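Here's the structure we're looking at; comments come further down.
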Amino acid sequence: MQLNPSEISDLIKTRIEGLKAGADAKNTGTVISVTDGICRIHGLSGVMQGEMLEFPGNTFGLALNLERDSVGAVVLGEYEHISEGDEVKCTGRILEVPVGPELLGRVVNALGQPIDGKGPINAKKTDVIEKVAPGVIARQSVSQPVQTGLKSIDAMVPIGRGQRELIIGDRQTGKTAVAVDAIINQKGKGIFCVYVAIGQKASTIANVVRKLEEHGALEYTIVVAAAASDSAAMQYLSAYAGCTMGEYFRDRGEDALIVYDDLTKQAWAYRQVSLLLRRPPGREAYPGDVFYLHSRLLERAARVNAEHIEKITNGEVKGKTGSLTALPVIETQAGDVSAFVPTNVISITDGQIFLETDLFNAGVRPAINAGISVSRVGGAAQTKVIKKLSGGIRTDLAQYRELAAFAQFASDLDEATRKQLERGRRVTELLKQPQYQPLQVWQLAASLYAANNGFLDNVDVKDILAFEKGLHDTLKTKYADLINRIEDTKDLSKDDEAALRAAIEDFKKSAAF
C-alpha cells in the first residue's frame with residue numbers, strides 16, 4: 001500500500017491539531033537541581049517575584065531569582081524528599097502568615113504554624129509578610145513612653161512608643177536579658193509583645209519561653225522561633241513574619257513591642273541564601289541589598305495616626321493611634337561596632353543601647369555604657385517625673401567615668417574631685433539591677449531622687465542596693481498615698497517632693513537597711 005505525500009502531510013496535520021498539551025509551562029515547571037534548600041526550576045514563565053510555589057509532599061517554596069531560562073527558589077522547610085524532575089506549580093499567592101489575638105501565648109515558626117504542642121491556631125485573618133512601611137503622612141511623632149523597668153534605660157536612654165532602639169553588644173553581655181525584661185515589664189500596660197528568635201539554640205528559646213510563662217508575660221506575647229536547626233530561609237523570613245503579627249495590633253489602634261533577637265543571624269541566613277542563589281557578593285560576602293534587608297523591616301515599626309487606622313479598619317476604629325516599637329538586637333565581634341551590619345542597623349535605628357563586656361564582667365548589670373548609648377527620639381516620650389530626676393544621673397556618670405580614668409594616675413585628689421568620684425561610684429552601684437525584677441515608675445523616681453539629693457553620699461557602696469530595697473519597702477507600707485499620686489500623675493509636684501524627701505529622711509533615721 002502506497003501513501004501519497006499529500007495524504008501523509010494531512011495525517012500529520014490532523015494529529016498535530018488534535019494534540020492537547022497536558023502541562024501549561026506558564027504555571028508549572030520541573031525541578032532541575034536541589035542543593036542546600038535551593039531549587040532550580042525550568043518553566044514557570046508566569047511566576048512573580050516572591051510568589052509561593054507548591055512542591056510535591058505539601059511543601060512550599062519562594063521564588064527569589066527570576067532568570068531567562070530558570071527560576072531560583074528557596075524551599076520553606078524540609079527539602080530532602082524533593083528530587084530532580086519533580087513538578088512545581090505556581091500558587092498565585094504571596095507568602096502570608098496568620099495574624100490576630102489568637103496567636104497570643106503561642107510559639108510559632110516563621111510560617112505561623114504552631115510548634116508548642118498546644119493544638120492548632122484558629123486565626124481568623126492572614127496577612128502578607130512583606131508590606132510597605134507607613135508613609136510620612138500616616139505617621140505621628142513619638143510622645144508616649146515604653147517603660148522597660150530597667151533603671152539605666154528608663155533614666156538615661158528612654159524608649160518611646162513607635163521608636164526603633166538597637167540593643168548592641170558582644171556575645172554574653174545580657175542583650176536578650178534586657179529585651180526579655182522589657183517584655184515582662186509590659187504586664188498590665190496594654191502593650192502586646194512579639195519575640196522573634198532567629199538562629200538561636202532551641203534550648204535557649206525554650207528557656208526564654210519558660211521565663212515569660214513564669215512571669216505571666218506569655219499571655220500577651222507571641223513567640224516566633226526560627227532555631228539554628230531550621231533552614232536559612234526560615235531564619236531570614238521569621239523577622240518579617242513577626243513584624244506582620246505586630247502590625248496587626250498597630251493597625252487596630254493598639255500598641256505593640258517587637259524584639260528581633262538577633263538581626264546579625266538574620267543577615268547571615270540571608271547571605272547564605274543569596275550566595276546559594278549565585279547572587280554577586282559584596283563587602284564581607286554580604287549581597288548588595290543587605291542594607292535594604294534591615295531597613296524595610298525596621299521602617300515598619302512606627303507610630304501611626306488615627307486617620308491611617310480609620311482607613312485601614314474601614315472606619316471600625318476611630319480616634320486611636322497605634323504603634324509598633326522595635327528592639328532589634330545586634331551581636332558584635334570583639335566590640336567592633338564599625339563592621340558592616342552593625343553600622344547599617346545603627347544608621348537605620350533611632351538610637352542604641354551599647355552593652356560592654358568589661359562592665360558585665362565587673363558586675364555592672366545591665367552592662368550599659370552610658371557614654372555611647374543614646375536615644376534620639378525617646379526624650380520627648382519620657383515620663384515627666386523621670387525626666388525631672390534623670391538629668392543629674394547621666395551627668396554624674398559621665399563625669400565619674402572621665403575622672404575615674406584620670407584618678408588612676410593622680411595620687412592626691414582635691415575635695416571636689418573626690419566627692420564626684422564617690423557620687424559616681426554610688427550611682428553606678430544604684431543602677432545595677434537583678435534580672436526579671438523590673439521597677440515601677442514610683443520606685444525609679446524614689447531611687448533617682450535619693451541619688452540626686454545626696455541621700456546616698458554617706459551610705460557605703462556595698463549597702464546601696466539594700467538601702468534602695470529598704471526604701472521601696474518602707475514607701476510601699478507607710479506612704480501608699482504618695483506612691484499612688486506619683487503613679488497616677490507620672491509627675492512630682494512640690495508637695496509630693498516634700499513628702500518624698502521627708503519619707504527618705506525618716507527611713508534614713510531608722511537605718512532599716
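Start at 1 and count along the chain as shown; that gives each residue its number.
Cβ coordinates are placed from backbone N, Cα and C, and glycine is handled just like the others.
Swiss-Prot has this to say about the protein:
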type	residues	note
BINDING	Gly169, Asp170, Arg171, Gln172, Thr173, Gly174, Lys175, Thr176	ATP binding site
SITE	Ser373	site 'Required for activity'
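It is 15 Å from the Cα atom of Asp170 (ATP binding site) to that of Ser373 (site 'Required for activity'). Each residue contributes its Cα atom, and for Gly169 (ATP binding site) and Ser373 (site 'Required for activity') these two points are 11 Å apart. Calculated from their C-alpha atoms, the gap between Thr173 (ATP binding site) and Ser373 (site 'Required for activity') amounts to 15 Å.
Applying an 8 A CB threshold to same-chain residues 6+ apart, the list for Ser373 (site 'Required for activity') reads Met156, Val157, Gly351, Gln352, Ile353, Phe354. Each of the binding-site residues Arg171, Lys175 was scored by other CB atoms within 10 A of its CB, and the lowest score goes to Arg171. Within 8 Å of the centroid of the Cβ atoms of Gly169, Asp170, Arg171, Gln172, Thr173, Gly174, Lys175, Thr176, where the record puts ATP, the same chain has further Cβ atoms from Glu331, Leu355, Thr357, Phe360, Ala367. Most other Cβ atoms within 10 A: among the binding-site residues Gln172, Thr173, Thr176, that distinction falls to Thr173. Sequence-distant contacts of Gly174 (ATP binding site), defined by Cβ-Cβ distance under 8 angstroms and a gap of at least six in the same chain, are Leu355, Phe360, Arg365, Pro366, Ala367, Gln435.
Look at Gly169 (ATP binding site): DSSP puts it in a strand. Counting Cβ atoms from all protein chains shown, Gly169 (ATP binding site) has 27 others lying within 10 Å of its own Cβ. For the recorded site, Ser373 (site 'Required for activity'), the DSSP three-state label reads coil.
Counting every protein chain shown, the Cβ of Asp170 (ATP binding site) has 17 other Cβ atoms within 10 Å.
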